[in-house]
Amino acid sequence: MMESGEALLKKLDGRLSGLRGRLTPDTGMDKITWFRAGGPAQVLFQPSDEEDLSAFLKAVPEEIPLLVVGIGSNLLVRDGGVPGFVVRLSAKGFGEVEQVCDTQLRAGAAAPDKRVAAAALEAGLAGFHFYHGIPGGVGGALRMNAGANGVETRERVVEVRALDRKGEVHVLSNADMGYAYRHSSASPDLIFTSVLFEGVPGERDDIRRAMDEVQHHRETVQPVREKTGGSTFKNPEGTSAWKEIDKAGCRGLRVGGAQMSEMHCNFMINTGNATGHDLETLGETVRARVFENSGIRLHWEIKRLGLFREGEQIEEFLGKII
């Protein structure tokens, strides 16, 4: 069991007094994540801007755990909470999207992906329509090379601006990001703050039509009005995660308040009162059944974080097969 957030702040004894952002101890992560489940952040920090974030990083000892979140999609928080600091990049300080030249946009890491798509439409830049259908933010898209409809984030990235744990600025090229399918090999200690994107001049009517098609597809096949973190598992090579989940009989499967969506069975939903334990147990049950059925090991696309409550540890594949 972790100590209180107030106790952690007291240990730092005024080192954070010059910050302009908001420090909130013992904040429920269920208020932040799209699953609306999970335990508290020991301390939540919402920096005002990149300068404020840099000052915070310089003040916090590196041995204190630190986790960065954006708009809260694609996150499953365990019920024991998240120790140390959770840094939430706010839309006010990190959510702007602006056109910087004929073919380029600069976007803050907390900007919703849909805002990037809208800005690209306004600028007459093609190649961003896929963001209109991704329920997440730019920072997460950069970290996991988010993609949809046959397009990936890496195809649009020119350079990424980031801070390290010492508060120093780094500028990473596309190659530095080390992109692969739903993955970047950039150091996990780097905090992305903004990105420079490159688009292709296009006709606004064509761009709008592509965005409408993405939106229609999403509303037709995905549970967009449910409490969900998006796609639960990465697609295995040569097949789709949802197909393997369906073949294993897991469509609609429930654990407590968690359920694999009837509409799209690679989407896990909180039906109303799911705990982090319910959600993760459901996910590991699905992994076990898929492996038993087809020999395929599904890998989580949703990021799981935090501590288990005492006695609620969950083994991979529920310990059945590994």
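Here the Cβ of each residue, glycine as well, is placed from N, Cα and C on the backbone.
When secondary structure is read from DSSP and collapsed to three states, Arg182 (active site) falls in the coil class. Listed in sequence order, Met144, Asn145, Ala146, Gly147, Lys234, Glu301 are the same-chain residues at least 6 apart in sequence whose CB falls under 8 Å from the CB of Arg182 (active site). The active site annotation in Swiss-Prot covers Arg182 (among others) and is backed by sequence analysis.
Residues annotated as active site, proton donor in Swiss-Prot, with sequence analysis given as evidence: Ser231. In this structure, Ser231 (active site, proton donor) is part of a beta strand by DSSP. Summarising the environment of Ser231 (active site, proton donor), the number of other Cβ atoms within 10 Å of its Cβ, over all protein chains shown, is 23.
What Swiss-Prot records for Glu301 (among others) is active site. In the three-state DSSP reading, Glu301 (active site) counts as coil.
What Swiss-Prot records for 36-202 is domain 'FAD-binding PCMH-type'. Note on the domain 'FAD-binding PCMH-type' (36-202): its mean pLDDT in the predicted model is 95.
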Item to check | Other CB atoms within 10 A, centred on Glu301 (active site) | outcome: 18
